[in-house]
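What follows is a single structure, written as structure tokens, with notes after it.
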Number of protein chains: 4
Amino acid sequence: MSLNSYGHVFRVTTWGESHGPALGATVDGCPPGAALSEADIQVWLDRRKPGQNKYTTQRREADEVRILSGVFEGKTTGTPIQLMIENTDQRSKDYGDIAEKFRPGHADITYWQKYGIRDYRGGGRSSARETAARVAAGGVARAALAQLVPGLRVTGYMVGMGEKDIDRTRFDWDEIERNPFWVPDAVAAEEWAGYLDGLRKSGSSVGAMIEVSVRGCPAGLGAPVYAKLDTDLAAAMMSINAVKGVEIGEGMAAARLTGEANADEIRMGPDGPIYSSNHSGGILGGISTGQDVVVRFAVKPTSSILTPRKTITKSGEETEIITKGRHDPCVGIRAVPVAEAMAAAVVLDHLLLDRAQTGGVRGPIG
Amino acid sequence: MSLNSYGHVFRVTTWGESHGPALGATVDGCPPGAALSEADIQVWLDRRKPGQNKYTTQRREADEVRILSGVFEGKTTGTPIQLMIENTDQRSKDYGDIAEKFRPGHADITYWQKYGIRDYRGGGRSSARETAARVAAGGVARAALAQLVPGLRVTGYMVGMGEKDIDRTRFDWDEIERNPFWVPDAVAAEEWAGYLDGLRKSGSSVGAMIEVSVRGCPAGLGAPVYAKLDTDLAAAMMSINAVKGVEIGEGMAAARLTGEANADEIRMGPDGPIYSSNHSGGILGGISTGQDVVVRFAVKPTSSILTPRKTITKSGEETEIITKGRHDPCVGIRAVPVAEAMAAAVVLDHLLLDRAQTGGVRGPIG
Amino acid sequence: MSLNSYGHVFRVTTWGESHGPALGATVDGCPPGAALSEADIQVWLDRRKPGQNKYTTQRREADEVRILSGVFEGKTTGTPIQLMIENTDQRSKDYGDIAEKFRPGHADITYWQKYGIRDYRGGGRSSARETAARVAAGGVARAALAQLVPGLRVTGYMVGMGEKDIDRTRFDWDEIERNPFWVPDAVAAEEWAGYLDGLRKSGSSVGAMIEVSVRGCPAGLGAPVYAKLDTDLAAAMMSINAVKGVEIGEGMAAARLTGEANADEIRMGPDGPIYSSNHSGGILGGISTGQDVVVRFAVKPTSSILTPRKTITKSGEETEIITKGRHDPCVGIRAVPVAEAMAAAVVLDHLLLDRAQTGGVRGPIG
Amino acid sequence: MSLNSYGHVFRVTTWGESHGPALGATVDGCPPGAALSEADIQVWLDRRKPGQNKYTTQRREADEVRILSGVFEGKTTGTPIQLMIENTDQRSKDYGDIAEKFRPGHADITYWQKYGIRDYRGGGRSSARETAARVAAGGVARAALAQLVPGLRVTGYMVGMGEKDIDRTRFDWDEIERNPFWVPDAVAAEEWAGYLDGLRKSGSSVGAMIEVSVRGCPAGLGAPVYAKLDTDLAAAMMSINAVKGVEIGEGMAAARLTGEANADEIRMGPDGPIYSSNHSGGILGGISTGQDVVVRFAVKPTSSILTPRKTITKSGEETEIITKGRHDPCVGIRAVPVAEAMAAAVVLDHLLLDRAQTGGVRGPIG
């Protein structure tokens, strides 16, 4: 069963805890012949790495990935690829408080209730540190995509932070790489810097809204009716720590529209169908249309804040807790590279799945 | 692979097209010994059945379910349960227009692109008619849940229709069964009736917002990190036709909150932990807390409207289309029993999965 | 989980009991565009059908298959194919004895122990009647194989019955269709007729050895290391009722050989590698070589015999049982079309799986 | 898809190549709370370790296992357990010959044909070195079994080597640990030593027959009809390198028996049903009876011999090959701990699966 795995054909199993010796991803089903080196993966891990600026946790991790199997002479062989990242900053400290008290909004209490045992050090398996393994696996997915669909680009970016939204009239793909928030709006980037600094200093935290676009996605990907492309993207995003909502294209706002307002009319372009708009987010009936695939999700504010919150201990005593330590004022920032990685894995998975289903056969138009 | 199946242990495969001889669900992994008859399932199918009032499609289907296997002397045996619903209203008509033109916002074009063949009669496999099979399977899930967790209740209801929202101060569980919209607000029910009648007469359509609550859900359900309870609920809802967004608890709004505002503080009650609020929607770290599990999703307006829309034909010619016929002005209404069924299946599935994982072991509190 | 399903991509779920209203197979993952009609499937079901001669059970079943979904205008659409066979000969009789006493060698006792409930009519789900659904699904697999690999032939035949073996020097493919045992040796066919007639008259039963060859199987099928072609064939055959052993190529006899005797030397033919022998049964490292794939399995004698056997009742009382009724003296005969169907499904499944894994890329030789 | 994984609930994915940096197993679905240390696993790895006597390959590997995740304070936590074994003896040598020539009877040619790329060093992924990961995973399975079913014992042993068979009248469980062949017959152990020494000196090799018994296996394990206990055991054994046949209980010999000879009659014992014999190998209808579960399999002789064999090169030229190096005259010896590990994993998997299916409900007898 898929407890710690995702994907139908491109199948990733992540493993490891926040403060164990290492964590990583076992990647099965990657096609043979794709060029892949540790550097190809490291570049994505470096984007997610903590401690790079004052807006993210000050935990220091090299996050150096090692490929232990599945690659020979610089190419994937079709056998399982094992990616390992050693934990280096396992700061020796007293976990007594967290070992006994459940932090509100964390998985402490539910892991305890479910398993009757939990690795409380840094959240154990429930820590967002697990997402490093996802980013590494996403690097493999990108390598395979580069071989199979050269023009395809998977790009994540923030579109909201707390009460602040981007202005889509200023949307600039190139701006994404220029600021610490991966926000495609230079004005917002500057404004958000001050806003988040204030939150950080006050020991508070704030939620975030993130969007991922897949440009150059071929039509025909998605397996109705329970492995739809949107279903799998929704599951992938919802599986990321602290995510509370996911939407495709028009998303939740579609509930308020009429059929006339929501329709994407179809015209014939030189290379196939073109659409007057993209309310659908590039997916109809669970299958990609050839337009940009657009998925968006909300990350809740981290519960690790300096304001004391009421809680209980394992023995049922009522108490209060303050979560000190090295936490992110906006954990959503670091969710951007994670979401990109998940989207890349889903798209590759559906490319491979479609080969199995249809062999790439397509109904011609025109 | 899970192309037409959902669930880890309680595994449902649906089959059938809108205008084929029959459709149904193959249900595998239902525990033995649960009381189950056709009537137990029929009651849920009758809620979804079309043609019951002027707000839903006038297609007339008896939607009578037959149990073909897996039940002996009124009880489930642990073997696969086959549920079949014959299609009776396959009105003989000319599909010529739909066979050649792609309806904007429908899966017509993507099915054609992917498979190179499609059953265009009534949308074929992409029709919402497939959801009858889900409702039938949900009836089996409810029967097993009734045996395993007697107090558990799965209830769906509308919380928004187009621009109209419910007023949560008027929320009344008993009102849900009293109006054709399954809306828990008597004032809204009346107001929406007029609103929808206007839309229906003008040949337009509108989206909807639906919520499902699971009351009495035990703590400890959900399998981190890729079969989280919220992940599986999100996938289940997103797989329903026309759904464009899914959220848990605070949902998309969590992006705008601070950590202080979003925290659910914990106190000790007589029977275990109690929470000051339910921003989490009853799920932390992907595992149920014992609070109500709350999932919400948006259904887009149906694209079948009387206003002509631009489109193309299979041969690539540009044209227009009006979708006549027996369609719903608010397809979201009939999504309510479907969503309930999906939620029931997910919760049962996680109960069974948890037995495998932990054998029901629980970490004691207090 | 794969409780009542087999296959990775071409995924079959069977359902139904011996004496329920119907049984069948839900076939998911069949590629679109393959020509398929009910007649294409019926031809294979007719081979397995009981009551055709005095050597098989006298139960009379029409075994007429209906396709309820997944086929449109004579072609598969890529959506699930539901195959239903109604049970017509559910002879009304007194099952009292079988309901209370466990038949030695049957699944009566283990189903009861596992599930605490069982459909005792004719063995319920444990009856070999379930294999009709496999044969139907095999018909779908053959239709898809005919489209994808026109020259491929899957052929089953008996090579032993009780103490009698075939003489391989008389092996004749054409003889297989000419006798009721599907034995490729005309002399054996005649001899076995008398032998089995004697067993039948004495109310005894006997085991059988069956072989399936896949001629024209392309090289490169099989997914190391846990979805090897031989692993999947072994599982497929072992899942058939009454099968106690499975072997590939040289099989169990390989244990007695030296490396010199067992090696298949390689030479270069006009169209690729050729081998001096086929000890490997066409599979090396779990991947097909391009030679004939050869799998063989043993079927135990049916436990339903006229000699009284000691047993117990549900309430634990010691007693004796004689199984009267319509049973096969050599149940292995009817296993031949079942095994063919399973082998066809496995080969198709690996063809589709290989498309996902490698896209059909092949390392060139010469 | 299950390409490099086995198990339904207790799910193991192995990874790694013969001459890569490391290999290992990702174990998902192990229940929480089982006592587990590296030493608990090492004891089983040491049994399989090469270079321990003159009868097995002289490759020297420490085969030291590290647990990288899933264990906290000496107990499993229910999260994935990563087991890593570093390859230390990657003797630098010239692989030129093996890189170009295909060894007859090896997977060299099929890996090349399938993937178009292969890691030729020591066989890469197709090497029996992969089985070290299985043995490590089996150690985890044994730890969980020890917690759940204390009396259960999984024991493997050789029953044949080339032309030599054991004498079952001398069967002695205690003898198994006393000789290098794990043979339960002291006379055979001595005789085989000389026999194998002769084969080793002549550069030849020989096949083997191995049996695994599960004593103390509870009744009720196995999920009909495609996850039967015998089906899963057959797949597990057939997936081991060089295995060509698998049988349960009476096995292939059942084909020759009559129903009278093959029946296991049932009597009532003090603690439940007892059987007059065990032709069934402890499994009826795919479900365990409570008797010893008995599975047996044949390992072919290794193809790496000193006699020159005809073969071809990647460029299609005809040539000869002698496989020098550190190979086993009877590779079947080291298959014993591997088979034990696989059997332990299958039995644990079915224990957990049965909890999901039935919650441990049992039909009472007597």
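Cβ atoms are placed via backbone N, Cα and C, with glycine included.
Automatic, uncurated: that is what TrEMBL annotation is.
Sequence annotations record features per position, and here TrEMBL assigns NADP(+) binding site to A:Arg48, A:Lys54. Positions annotated as FMN binding site by TrEMBL: A:Arg125, A:Ser126, A:Ser127, A:Asn241, A:Ala242, A:Gly285, A:Lys300, A:Pro301, A:Thr302, A:Ser303, A:Ser304, A:Arg326.
Of all the binding-site residues listed (A:Arg125, A:Ser304), A:Arg125 sits in the most crowded Cβ setting, with the most other Cβ atoms within 10 Å. The binding-site residues examined here are A:Arg48, A:Lys54, A:Lys300; by Cβ neighbour count within 10 Å, the least packed of them is A:Lys54. Neighbour counts of Cβ atoms within 10 Å were taken for the binding-site residues A:Ser127, A:Thr302; the minimum is at A:Ser127. Each residue contributes its Cα atom, and for A:Arg48 (NADP(+) binding site) and A:Lys300 (FMN binding site) those atoms are 18 Å apart. A:Ser304 (FMN binding site) and A:Lys54 (NADP(+) binding site) have their C-alpha atoms 16 Å apart, to the nearest angstrom. Spacing of A:Thr302 (FMN binding site) relative to A:Lys54 (NADP(+) binding site) is 16 Å (Cα to Cα, whole number). The separation of A:Lys54 (NADP(+) binding site) from A:Arg125 (FMN binding site), Cα to Cα, is 25 Å.
Taking only the Cα positions, the spacing between A:Ala242 (FMN binding site) and A:Lys54 (NADP(+) binding site) is 21 angstrom. Residues from the set of binding-site residues A:Arg48, A:Lys54, A:Ser127 situated with their C-beta under 8 Å of a chain B C-beta: none.
Across the fold, the C-alpha of A:Ser127 (FMN binding site) and the C-alpha of A:Lys54 (NADP(+) binding site) stand 20 Å from each other. With a threshold of 8 Å between Cβ atoms, the binding-site residues A:Lys54, A:Arg125, A:Ala242 that neighbour chain D are A:Arg125. Cβ neighbour count for A:Ala242 (FMN binding site): 22 (other Cβ atoms within 10 Å of its Cβ, all protein chains included). Cα to Cα, A:Lys54 (NADP(+) binding site) and A:Lys300 (FMN binding site) are separated by 20 Å.
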